[in-house]
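These notes concern the structure reproduced below.
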Amino acid sequence: MLQSFIFSREYHSHQSDLNRRRASLICTLICKMSPSFFLLALCLPGFLAVPSYKALWQFRNMILCIQPDSWPVLDYADYGCWCGKGGSGTPVDELDRCCQVHDQCYDDAMQNDACWPILDNPYTEIYSYDCDSHNKNITCRRKNDPCEMFICECDRLAAMCFARSKYNPENAELPSYRCQ
C-alpha cells in the first residue's frame, strides 16, 4: 500500500514536470507563430487539456479521504443548483452552497495572476496534497506553486464542506426551473 502511494506521488510529480515542460514548449512555439497560428493553437484544447481527468480525480480523492463511503461522482455530479457542471440560482441547502463556493473559487482561480488561463486552470492543474484519512484532514503541500496552492485550497475547502453538510436525496437531480 505504501509503495503504491509513493509511486503515485512520484508519478504525479513526474506528470507535473512533464506539464511544465509542455507549457514551456507551447510558449516557445506560440512566440514564434504568426497570429493566425496562435489562434489555431488556442483551438486545440484536446492537447492542452489532457490532464483534466487527473485534476478532477484529485478532487474526487480528496472527498474520499474525508468521506470514504461516499460516491463523489454519483453524489455530487447532479445535486441542487450548483453541484455538477455549471450552476445558477440560489443554493437549496448547505451542501449546494459548498458547490457554489467551490465554483466561485474556480472562477477566482481563472482570474488569479498566478494562474496562466490555458494551462493553469482548475480543470487541468495538478497539485500536491496529503490525506490523513484517520483524522479526516487534508493538507495542501508547500511545494505547490501559487496557482497549484490556490486550486488545491479550493478543492480542500469544498471536500471539508461536503463532509460537514447533510446530503438530502430530494435535492438530487433537481429540475432546472428550481434553479432560476
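First residue shown is number 1, and so on along the chain.
For all residues, glycine too, the Cβ spot is worked out from N, Cα and C.
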* Asked: According to TrEMBL, GLY84, GLY86 bind Ca(2+); which of ASP103, ASP107, ASP108 is also listed for that site?
  -> ASP103
* Disulphide bridge to CYS105 as given by TrEMBL, partner from CYS43, CYS152, CYS154, CYS161 -> CYS154
* Which one is it, CYS131, CYS140, CYS179, that TrEMBL ties to CYS152 with a disulfide? -> CYS140
* Structure fact -> The residue that TrEMBL pairs with CYS147 in a disulfide, chosen from CYS115, CYS131, CYS179, is CYS115
* Scan CYS65, CYS98, CYS99 and flag the one TrEMBL records as disulfide-linked to CYS83. => CYS99
* Within 10 Å of the Cβ of CYS140 (disulfide bond), how many other Cβ atoms can you find? Include all protein chains, please. => 21
* Assigned element (helix, strand, coil) containing GLY86 (Ca(2+) binding site), judged by DSSP -> coil
* Structure fact -> Neighbouring CB atoms within 10 angstroms of the CB of CYS147 (disulfide bond), all protein chains considered, total 20
* Rounded to the nearest Å - Cα separation of CYS115 (disulfide bond) and ASP103 (Ca(2+) binding site) -> 16
